[in-house]
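Over in TrEMBL, the protein carries these features:
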type: ACT_SITE; residues: Ser600; note: active site, nucleophile
type: ACT_SITE; residues: Asp783; note: active site, proton acceptor
type: DOMAIN; residues: 562-796; note: domain 'PNPLA'
type: MOTIF; residues: 566-571; note: motif 'GXGXXG'
type: MOTIF; residues: 598-602; note: motif 'GXSXG'
Amino acid sequence: MGEAVTSGLCITLDSQLVCFTLSSDLPDRFCNTRRVRDRASLSNNLPRKVKFLRFQRSYSLKEDQIATSTVEWTSDDPDAVVVSKLKNAAQRTAGLVEEKVRLQISIPHDTGGLVTAATFQKDVEASLIVEKLPPQLRQICLSRVSPSGSAAPALLSMLLQQCALEGLAELGCAEGIMPLWDGNVAGRLACLRVLDLSKCGLSTLPGAVAGLTTLRSLDVSSNRLTVLPKELGGLLKLRRLMADNNLITAVPLELRACVEMREISLESNRLAMPVMDLRSLSHLNSLQLWGNPLEFVPELSPCTALRRLSLVNVRMVSSHDFSACAVDVGNLTSYMGRGSKLGPLFGLIFRRSSCSHPLLASALGKIAEDPGSCAAIAREVGAIQQLILMALSEHEVVVEQACKTIGLLGRHNSLTSQEIIASDVMSAMVTLIASLRHKRQLAGLGVISGLALSSESAARKLLSPVVLSCLQELIRNGAHDVQAGALETLGNLAFCRPNKATFLHTPHLLSRISQLALGTMSATTAQVRHQAIRALAILGENEEVRKATKRPRIERRGLRILSMDGGGMKGIGMIRLLRQLEERTGRPIADLFDLVCGTSTGGILAVSLALKRFTLEECEEIYRRLGQKVFSRANSVAKTADIDGKKADETWRESLYRVYRSGQQNMRVAVYGAKHDAAMFEAMLQDICVFEREGGVGGNAMVDTAVLGAPKCFVVATLASTTPAGPFVFRNYELPLASSALASRIGACPGSSSHEVWQAVRASSAAPYYLDDFKCGGQRFQDGAATANNPAAIAIQEARLLWPDHPIECVVSLGSGAVPHAPRERSMSSYLDTGSVLIESASETERTAAILATLLSMVPGVQYY
C-alpha cells in the first residue's frame, strides 16, 4: 500500500483493510475441531419384530481462515495489471489444503438399503476418511480507500470471473463498488449466505438480491432507501435483516414469508404506522425500531421468542425466561416532543393492548422500580386500565409483571393508589386470588398488599367480604408460598384500624394464624411461620408474638426500660456507659431490657443493640464510619464556607446554636442548604439496617423484626409536616386495639411500624443544619431532638400501653453529657438570641430527667437511673 492508493481503490484477499477479500476455511486436526455423531432412530410404525435402522449424520464444524490476500489498485492502473495482481494474490494459497472428513457407511446391498436391528452389528460398517482438498473461497469484501470514487463495472466483472464464486458464503460491497448488477456474477452466488450492502449509497435495492435465495443475513443499513422491496419475501432462509439509518416509511407484508427470521433492525427510519404481519415470525428474537416516529406498535404477541426490542428512545433486553430485564433510555429527539424521557414510550404502548407481550411487561416492571417513572406512568392516560387488563392475561409473565407494576404504582403515593382502586382493580385481583394457579394468586396478593400500604383509607376500601373469604381460604388451604403471601397481605391490610378490628372478630382466623406462628401445624414452612408472626404483631397480639418467638415471659419482676438521648457524635459516651452495664450484669443489652428506645444518635444505638444485636465494639465502629464518611469536613456540602473550625465530636444541638449566633452561618445555610450530603448517610443506613434473610425476616420494615424475638424497640422523630410539630414514634410493634381508649386519655404519640428500619433511623437523625429533612409517604420529619431529645417519658407511655398490668421495675435513661452553665453572650440581633433560646428549650434533656426523677421516686418499686 503506497501513497497512490489513497486516491484509488483496493481489493483484499481477506485482511482487516479490505477492498476485495479472498478467505478460505481450514480446520485443525479432525479430533480437535470436528465431532461426528451417529444417531439411530427406530421406526415404530412397522410390524412387530421388524425394526429397521436409519442413520442420520450431524456435524459440529469449526471453520478457520487459512489464507488472506489483498489486492490494491488505483484508477490509473490498467485493467490487465489489476487482473494480474488478483491472480498473483490467489497464487499465495497454492500448496495449502483444506481437510474434510467423510463418513462412509457400508450397507448390504441385498436389503435394499435397510437393515434389520438383529443384523446391525455384523452387516453394517462405518468408516471416517480425511480428505485433503484445495481451499475454497469463502468471503469477498469490496471497499475503497479514498472517500470517493468508483470501480468500473466491467473491471469488477472481469475480476470476479477470475474467482470461484460457487462456494462463496459472504460478500461485502461499498459505495461505487457494486458487482451485483452483473447477472453473470449474481447467478454464480448459489451459496451466498451473508450480504453486506451497508453504506453503499443505495436509493433502491438491486433486483438481483431477490434471487439470492440462500441468504441468511442481509445488511442494507446507512443508505437512502425509502422502501424495502416486496421481493425480499422470497428470501425464505433469511434470518437477519438490518436496515438502520435509511428513509424507510413502510415494511412489505411479504416479509411474513421469511419464517426463519431471527432479527429485524429498522432503527432511525421514518416508520410511523408500520403494518408488520408478525404472525408467522415465531422465531423472531430481536426487533429494533429505535428512533422512528411510531404511532402504534405492531402486534407482538405471535413473537414468542422475542427477547430484544427497541421503541422510540428505549431499548429492552430480557433473559430467556424473562426473570431479568435491562432497560436503556436514550434522549428525546425533536419529533418525540418534550417532557419525560419515557413519555413517548408510555404514550405508544398504553394506546392499545400491545404491552401484553411478556418482554414489554417485564420492561414496565423494571421501569416502575424507579419512583420518578412511577409518576410518569400514573400521568399517562389509560395506563392503569391497560395494566389491569394485562393482569388478566393468559401469559403468566405478563400477569406477574403487570401486578408488580400496579403494586409499585400504588406504593408511589396515596393519590395514585386511590385512582387504581377507583379503576375497579379489585375485580381483577379477586379473579386472580380465586384462581387455582398459585402464581396468579401470588400476583393478585402482591397488588393488594402493595396498595394496602399506601394509606389507611385505601386499605379500608380493599377489604371486602369476598377478599376476606379468599384470604381465609388461602391461609387455610393454599400452597406454602401462597399462605405466606396471604398472611403478608392480611398484615398490610391490618395497619388500618377498622380492618384490624374486622380480622380480630373473624371466627377462627386468629387461632389459625397463632397455630401457624407457633409451628404446631404439621405441614408448614419457616416462611409461613414468620409471616404469621408478623401478622400477629400488626394485629397487636404481642403475647402471641412472644410465645411464637420464645422470648421469656415477664414474671416475678417488673418492666425494664432503656432510654437513650440524642447528642450526635457524643453517643460514643453512651456506649462506654452501656459497656459498664454489660460487664457488671454479664448479659447483653438486648436481654436485659423489655423496651429499648432512643432519639437521634440514641435511636441508632437502640436499633443496633436491640434489633441487630450488635456488640458495643460494632456500635463504636458505626460511629467511626459516621464520623469519617458522613459528618467529616470532607463530606461537608458547604465546606468552603466552614469558618468556625468545628470539632469532630460537636453535637448537633451545638451546631444549631452556631447557626443563630453567626449571621455568616445563617447565610451559609440559606445558600448551601444542609451541611452534609444525606445520600451517603442514607446509603450507610441501608447497608446496616438489612434484615431480609437474617433469621428468617421477610423484610426490612420495623414490624418485620418482630420475628427476631428482640425486645420492643422504638425511635423518636419530629413530625414536621403538621402544626404543631410533635414527636412521632417508629415502633417494631403495634399497640393492642384495646389500648386505644387509654392512648387517647394519656395523649400517646402517633407512630408507625410499617416504615423500613433505615427510614426510621434517618427520620430520627434528620438534624437541622446537618442533614436535610427526611420526606417519606407524604410526611416530613426532622430530628427527634426538636421535640423529645430525652425519650424516657415517651418510653413510660409506651410501656403503659403495651403492658397495662405490669409494674415498672426500672428506667435507665442515658444522656450524652450536660452542657455547663455559662453567661450568654449578646448577639447582634435579638432574633438570633430568641432562636438560640428556643433551640435550647426544645432540645433540653435534663429537665425531662429531673421531672422523671421526681415523679418516679413516688412510685414504689421503681428505680430511675
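These residue numbers are counts, starting from 1, taken along the chain as shown.
Each Cβ is built from the backbone N, Cα and C atoms, and glycine gets one as well.
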*Averaged across the motif 'GXGXXG' (566-571), what pLDDT does the model get? Just tell me the whole number, please.*
72
*So, by DSSP, how many helix, strand and coil residues make up the motif 'GXSXG' (598-602)?*
2 helix, 2 strand, 1 coil
*Where does Asp783 (active site, proton acceptor) sit by DSSP, helix, strand or coil?*
strand
*For the residue listed as 'active site, proton acceptor' and Ser600 (active site, nucleophile), what Cα-Cα distance in Å is obtained after rounding to a whole number?*
6
